[in-house]
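Database features (TrEMBL):
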DOMAIN    1-31  domain 'BPTI/Kunitz inhibitor'
DOMAIN    72-122  domain 'BPTI/Kunitz inhibitor'
TRANSMEM  153-174  transmembrane segment
């Protein structure tokens with residue numbers, strides 16, 4: 001079978017094959033030049049921490065870009081809310097985008113809906129921008145644990161009264 005490898009792809013860490021390389025150099029050495037190097041298959045990671053195997057040294061210029069500290073160097077923040085949104089953050093120590101569970105409120109800007117956006121923001125040459133859909137651009141969730149509309153509460157009370165009346169009238173026939 002023909003093996004192609006001169007393009008970027010995103011690998012979640014499960015069920016890899018031999019066409020999965022840590023660096024472009026490894027890919028070219030194995031696939032194009034027919035070198036003797038063996039393909040690198042990255043072992044699976046636990047479900048709590050999924051990462052794409054692209055760790056490496058970032059040039060210092062990346063870290064000095066405006067917004068890098070806020071969008072890429074900030075620690076992962078789950079937040080105090082109890083939702084379970086799967087998100088991506090850039091782990092400065094490993095230089096990788098990793099998945100985490102976001103609670104839904106009081107996070108920081110190192111919180112991405114898509115792994116690709118995490119990579120482009122934190123390892124790309126371009127300017128770091130805030131795009132809609134990331135945690136920093138979303139309106140905050142309500143701070144109250146339960147926020148009901150007045151209409152919904154009124155309908156629920158009326159429904160409860162109606163059920164009580166119906167059960168009371170049916171109860172007379174059953175006894």
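For all residues, glycine too, the Cβ spot is worked out from N, Cα and C.
No curator has checked TrEMBL annotations; they are predicted automatically.
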Over the domain 'BPTI/Kunitz inhibitor' (72-122), what does the predicted model average in pLDDT? 93
From the DSSP assignment alone, can you count helix, strand and coil residues within the domain 'BPTI/Kunitz inhibitor' (72-122)? 10 helix, 15 strand, 26 coil
